[in-house]
Amino acid sequence: EVDWFSLASVIFLLMFAPLIVYYFIMSCDQYQCSLTDPVIDLLMGNKHLSDIWNKTPTLTYRAAGIYTFWVAFQVVLYVFIPDFCHKFIPGYAGGVQEGAVTPAGVVNKYEINGLQAWIITHILWFANAYYFHWFSPTIIFDNWIPLLWCANILGYVVSTFAMIKGHFFPTNAKDCKFTGNFFYDYMMGIEFNPRIGKWFDFKLFFNGRPGIVAWTLINLSYAAKQQELYGQVTNSMILVNVLQGIYVLDFFWNEAWYLKTIDICHDHFGWYLGWGDCVWLPYLYTLQGLYLVYHPVQLGTSNAIGILMLGLIGYYIFRTTNHQKDLFRRTNGNCKIWGKKPEYIECSYMSVDGTKYYSKLMTSGFWGWARHFNYTGDLMGSLAYCLACGFGHLLPYFYIIYMTILLIHRCIRDEHRCLSKYGKDWKRYTAAVPYRLIPGIF
């Protein structure tokens, strides 16, 4: 059943999320990234909505061609080129990997080749920039708003197709979830793992490709535009490219691990993931680079080093915390965390069919500091991206505001699920690790 608050949230997002993306991008295109000037213009009667809309670039054949080629190219890399990186890169887990057990008891197999797709794409990008010159490195920025309409079309087409598929020809009918509410089902999804053929998994493809592969290309296009406009690339732009590039590479290096995360293990595929990965992610996660095209910032050396250290420390916490949990799970606690055997709480839970299971919740290492300390590292990295842009406008700080809301919501959602699952054992765990994100504070 869908409670009224969830339904209201769903309808709000369906109505306003596309407008929010448009507003941010339009603000940069027409108002030099000011979020208040468009509102002031409208309230003062200086402009009408039609004036702003009429100045907005429309969909073009060029943008449609670019976007179609981009998505088709990523589909080819995903489906038709088996991973070979795992054969010669030590420590990298690629190739065919198994996901978690679905609610229906299915264990899906995935072709993990995201790192390979990222490498091939970027080799071609730099080869074009320095040798072939087929297109300008600023091509993404130059077509940014027309590409927005293409991304929206794909997002809605994929989401609608997933809804229809879930009703009439699901990949696994036992892994479908129907609430009976159209809006909720459309947004949150019906099918758990919609697929076409053996290997094209909607969830993995749209979560990882084309949006995240494009993330670093988008930033590189911003840097190229800054070079074109001002004759130099500022250190703030370099910081954003480096720190976000590390985050993207980390995602693809650990793509097999990603199969065990909440996105794959719990979320169904609907508008939330389909449209979100096509539009929300590439357009709002890259606002810092876009802002720096309009407002280049050259940081002082000490500020640049401080921001770089904040980002790197945040990444270290994020990655080490996740590694500790992964090591603990893989070895069933028979490992060493910070040089000693980890501490944990034994928990039990009952499955739907009445079978009793046991698991362990770690209370040492970073997981003894806070219950979601990996999110804390993620937020530190997010703040570093924003600080690189200075304090001239609010727009580049949207990312840290959004990530804070998103991750706190995930904390609450995770813990509600764990309380339902473990009951009294979960209360014992929260007593042992009382803080969620910041030790001693929250």
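Placement of Cβ uses the backbone N, Cα and C atoms for every residue, glycine included.
Because TrEMBL annotations are produced automatically, they should be read as predictions rather than curated entries.
Database features, via TrEMBL:
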TRANSMEM  6-25  transmembrane segment
TRANSMEM  59-81  transmembrane segment
TRANSMEM  115-132  transmembrane segment
TRANSMEM  144-164  transmembrane segment
TRANSMEM  204-222  transmembrane segment
TRANSMEM  229-249  transmembrane segment
TRANSMEM  269-287  transmembrane segment
TRANSMEM  299-318  transmembrane segment
TRANSMEM  382-408  transmembrane segment
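Sequence-distant contacts of the transmembrane segment (204-222) (same chain, at least 6 residues past either end, Cβ-Cβ under 8 Å): 70-71, 74-75, 77-78, 110, 114, 117-118, 121-122, 125, 137-141, 158, 237, 240-241, 244-245, 248, 251-252, 255, 258-259, 263-264, 269, 273-274, 277-278, 281-282, 285-286, 289-290, 292-293. Proximity of the transmembrane segment (6-25) to the transmembrane segment (299-318) is not established, fewer than 3 Cβ-Cβ distances being under 8 Å for residue pairs spaced 6 or more apart. Within the chain carrying the transmembrane segment (229-249), a Cβ under 8 angstroms from the stretch's Cβ atoms is held by residues 115, 118, 212-213, 215-216, 219-220, 222-223, 285-286, 288-289, 292-293, 296-299, 304, 307-308, 311-312, 315, 381, 384-385, 388-390, all 6 or more beyond its ends. Taking residue pairs at least 6 apart in sequence, the transmembrane segment (115-132) and the transmembrane segment (144-164) share fewer than three C-beta contacts under 8 angstroms. For the transmembrane segment (59-81), the most Cβ-contacting stretch among 115-132, 269-287, 299-318 is 115-132 (pairs under 8 Å).
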